[in-house]
Amino acid sequence: MIPPTRWLPMPVLSLLLLVVWLLLQESVALGQWLLGGVLAILIPVVCRPFWERQPTIKRPLKLLGYFFRVLGDIVTANIQVSKLILDPRGRMRPAFVEYPLTLKENFPITILASTITMTPGTVSAHLRLDGRTLLIHALDVADTKALIDEIHQRYERPLLEIFES
Amino acid sequence: MLDTIIEGAVAFMLIAGGAFAFIGSLGLTHLKDFYMRLHGPSKTTTLGVGFTLIGSLIYFSREDGPVIQELLITIFAFITAPVSAHMLAKSALHHKLKPDPRTRGNPVELESDKPRHTIEEAPQGNSPLP
């Protein structure tokens, strides 16, 4: 990826900010480039202290694939949850599941936790302070072991490959 | 012909969006405990908003050229919704709200090990509030 320099501590974030700025303005006039450029340099410099460690994306293409997989899963997840809510008999098997994390860095863990919240019947409720376990609340789960395996195979392994491999 | 297809797509998006938003709200009233109720708004309602915005995106893109802001709004909504759901769940755990009796699994966070101080008898010094 692009190496960080003193005035561009987070080049990817800067680029992203500039692109979002131009998209929001819906204009590629020189003035917008200048204003967006100034913001894209200033904001990362100012909020640098909040990022304890900058994430490195090792495989950008895989990240794109992950994004589309999650998008598809969000739709199926919602159909499942809708069915559960509309089921008049209300047969649900809620459970707290302790998920053992193999990811180590904060940023990928954040993405994993968000993904878990957006996908089938699970909300990530709590990240233990040791950063090793994620407490998940599931709406309807038959086999907690299977759920842990599924999350590991489907989401955590790709994230490991993208960020930490 | 193309108009019909676009209008159909917009109508579908609006109906799907409305349906999901409604089901999400229904979940908010019908489910049994706080942790289960969290599932409705965090997923279903977000998708409802997403569908509605995409419908609006298609409609206005046809009227006055491509509109991108609404796509950005959708993406930001999907990024922020899990964070707020996570904070709600965290605070529920902090308050040790009782889960539905059918819930399996017994996280340490919900065990009431220590008797909790009331504000009057809280120990002096800079110990955290109960």
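Placed from the backbone N, Cα and C atoms, the Cβ positions cover glycine too.
Taken from TrEMBL, the feature compositional bias 'Basic and acidic residues' applies to B:111-120.
According to TrEMBL, the feature region 'Disordered' maps to B:96-130.
The annotation transmembrane segment is assigned in TrEMBL to B:12-31 (among others).
Nonlocal intrachain contacts for the transmembrane segment (B:43-61), taken as residues 6+ away from its ends with a CB within less than 8 angstroms of a stretch CB, comprise 6, 9-14, 16-25, 27, 67, 70-71, 73-74, 77-78, 81. Under the heading transmembrane segment, TrEMBL lists B:43-61 (among others).
For the transmembrane segment (B:67-89), the residues of the chain that approach it from at least six positions outside its boundaries are 35, 38, 41-43, 46, 49-50, 53-54, 56-57, 60-61, judged by C-beta separation under 8 angstroms. Residues or ranges marked as transmembrane segment by TrEMBL: B:67-89 (among others).
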